[in-house]
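In what follows, a structure is listed as C-alpha cells, so that the remarks can point back to it.
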Amino acid sequence: WSDSHIKQIDGGRAIQLILDQNSGCGFASKRKYLFGHISMKIKLISGDSAGTVTAFYMNSDTNTMRDELDFEFLGNRTGQPYTVHTNIYTHGKGDREQRVNLWFDPAADFHTYTIMWNHHHIVFYVDKVPIRVYKNNEAINILYPKLQPMGVYSTLWEADDWATRGGLEKIDWSKAPFLAYYKDFDIEGCAVPGPTSCASNPRNWWEGTAYQALNAKEAIRYRWVRLNHMIYDCCTDKSRYPVPPRECLAGI
C-alpha cells in the first residue's frame, strides 16, 4: 500500500520503505502459505526512530478468526536499544506479547529475521538466535494455528501512541523521512493454492526431526536471550493476568 512510498533498489533485489507525515507503506506476498520457513533481511530506521514501527509478519487476513505471527520493531530515541515486540494470534485471540531488546544496532546493517512454523512449534529467530518459542499443545486443548494459510507482510507506520515507552516518546517529524530496508526475501513453505497434500507432508524439510524442537545450541542461546534481553513477557504480567494463561503453564 502507498506504492509512492516504496522504492525498489539494488536492481530490484531490495526494497526501501518510506514513512513521512503523508503516509506509511507496506508490501505483501502474492500467495499465502501453510507451514514453512520465512525469513527477511531488514535494516531498520537509523537515528531517532521513536514512535515508528517496522513490521514483518504473517497474517491469515480472516478478520475475527485470524491467525497472525508478528515481528514488530519499535523505534527508539537515539542511543536507546531497539525493542522487538512479538505476538501470536490463534483463531482470533492474541494478547500473547513478549518484548526483547536487541543486543546490537539493527540500523547499522542488515540482520536476518525468521519465522519457523511447523506442526510442532513456532520459533522466532534473530540471526539464527531463537527469541521466542510457541509450542503446539493441542493435546491439552491449547489453540495452535494450523488450519489457515497466512500471507507474508512488511509495513512501516506511525504508532507513537504506544510504540516507544508506551507512547511517552512521540515521533519527531523533523527527522522524516524515516527509511527501512528489506532484502533477501526467502519463503519456503506450502503455497496456497497448491497441492492439498503439501501441508500434511512429513517429508517437508521444515517438519524434519532437526526442526521439531530447539537443539542444544539453540536452547542455550534462547535461555541467554530470555535472561539478559527480555523486558516484557505476558506470562509474568500478574497485573494483567493474575492467573497466567494456560499456554504459559504448559511451558511455552
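Numbers run from 1 along the shown chain.
Note: Cβ is positioned from N, Cα and C throughout, glycine not excepted.
For reference, TrEMBL has these:
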DOMAIN    1-182  domain 'GH16'
ACT_SITE  GLU68  active site, nucleophile
ACT_SITE  GLU72  active site, proton donor
CARBOHYD  ASN76  N-linked glycosylation site
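In sequence order, ASP48, SER49, ALA50, TYR82, THR83, THR164, GLU169 make up the list of same-chain residues 6 or more apart from the residue listed as 'N-linked glycosylation site' whose Cβ falls under 8 Å from its Cβ.
Taking the domain 'GH16' (1-182) as a whole, pLDDT averages 95 in the prediction. Over all protein chains present, the Cβ of GLU68 (active site, nucleophile) has 20 other Cβ atoms lying within 10 Å.
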